[in-house]
């Protein structure tokens with residue numbers, strides 16, 4: 001009798017638990033569809049946060065979540081969508097478009113591998129699916145903050161003092177649609193600025209007729225696009241645009257694109273772009289963007305050249321820190337061209353205020369870098385050059401993994417008393433062009449300038465990747481892979497590694513570890529390569545300079 005009672009009790013209890021979980025699941029799914037809508041928090045009475053983070057991009061999110069996991073009381077303020085530039089208008093949508101362009105290349109050339117492929121492309125469908133994925137990431141970011149017990153405030157922040165900020169534009173859940181926007185004042189022992197950056201528009205006549213790289217992702221139809229700028233964002237976008245069937249022009253102010261990258265690598269890229277009918281206009285000093293009619297723009301250069309009939313003109317001439325509304329001047333926070341100046345601990349000129357990510361620049365310490373390694377070649381020459389440098393030198397690395405690393409390590413230092421800092425040297429970089437570029441360390445030109453030509457040895461190779469070997473086209477039209485090692489001193493310390501070609505974006509990551517561990521050419525020579533791969537060429541290179 002009692003056994004039956006216990007059985008019924010446990011049965012109904014189990015049924016209740018399962019039912020509750022199912023209901024919660026449906027509630028979550030229902031709520032999840034609206035997670036992109038704002039969720040507002042009312043400040044808790046007398047709350048003093050251990051850390052207030054201004055900005056919900058990669059660096060801000062990383063710092064906030066890590067600090068919360070260290071049991072700190074954390075608030076995060078964001079005026080737009082969570083995820084920052086990277087998730088919303090940068091790395092993520094860009095890589096999806098890069099993937100689409102790569103799929104195009106494979107489909108277009110599949111006949112060389114025996115496939116009879118006919119295809120069409122639906123840009124609006126790709127945009128829809130891409131944006132759904134980004135919205136999903138926005139929602140995941142919001143869930144992660146909730147899971148880590150980070151209080152999220154949505155609005156625009158500005159400083160009232162070194163410990164207090166004003167948030168404009170927040171609403172609580174009981175006043176979401178009616179009444180004036182609330183203002184909230186938060187107090188924190190430490191404040192982190194991670195506001196990222198925004199596109200720059202120069203004072204050019206007709207600039208209002210253009211869009212930025214951010215708005216590029218809103219384009220669903222176009223026949224002809226011009227991009228003004230020659231940095232990595234411009235180069236990545238123009239390569240995508242052409243492969244999506246759009247007539248493409250890129251306008252470079254100087255004699256070549258990507259001037260800060262190794263010249264030999266960029267020469268290979270420019271040749272590939274020209275073979276794919278991407279128009280590279282050099283020495284292009286734009287003086288006017290004229291609107292002839294709707295979706296009919298012309299680009300006018302200072303030397304009289306005119307390029308016509310563009311549906312869209314995209315300006316990619318740089319980005320600037322999004323700091324002007326923070327009221328930094330009230331606290332005398334040191335800035336340099338609007339970038340917040342921080343030390344190697346990410347601390348600003350105000351003791352309890354920090355900055356990470358694209359909005360800041362890190363002042364290098366004064367000690368001689370790599371002094372033990374410099375003895376491999378000509379230390380005296382290098383020291384003399386250093387003595388002639390009187391101005392401050394800064395790191396300004398605008399990359400998502402750098403911001404994430406800096407944010408997490410800052411939280412560790414603040415709340416676990418750890419000492420590790422972000423290492424801004426030898427940061428691997430990839431340009432998602434077609435073909436992609438991977439690079440670590442110094443270019444050949446920079447190495448010669450620092451160490452002297454007599455102390456630099458170059459190893460390089462150019463070849464046709466096996467993937468393209470079966471293409472039924474002229475050999476000179478087949479895509480090439482080019483790679484280079486920049487070595488310094490008698491022990492041939494590798495100070496730079498560069499590659500352009502198929503899968504370069506994946507190849508370069510592992511070599512970054514080797515360079516960080518001070519690998520030499522001998523280390524590469526003594527490593528057994530994997531065959532047949534493009535990466536094996538790094539381990540079998542022969543010098544052109546004896």
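Here the Cβ of each residue, glycine as well, is placed from N, Cα and C on the backbone.
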233, 236, 253, 259, 318 bind NADP(+) per Swiss-Prot; candidate in 127, 402, 430 listed for that same site: 430
Distance from residue 236 (NADP(+) binding site) back to residue 400 (FAD binding site), taken between C-alpha atoms, in Å: 16
Distance [Cα-Cα, Å, rounded] between residue 233 (NADP(+) binding site) and residue 141 (glutathione binding site): 25
Distance in Å spanning the most remote Cα pair of 58, 59, 78, 85, 86, 94, 157, 358, 400, 531, given for FAD: 55
Minimum Cα separation from residue 531 (active site, proton acceptor), reported as the residue among binding-site residues 58, 157, 236, 408, 430 that achieves it: 430
Among 58, 86, 91, 141, 408, which are recorded as recorded positions, the nearest neighbour of residue 236 (NADP(+) binding site) by Cα: 91
For residue 259 (NADP(+) binding site), the number of other Cβ atoms found within 10 Å of its own Cβ: 13
C-beta crowding around residue 91 (disulfide bond), within 10 angstroms: 18
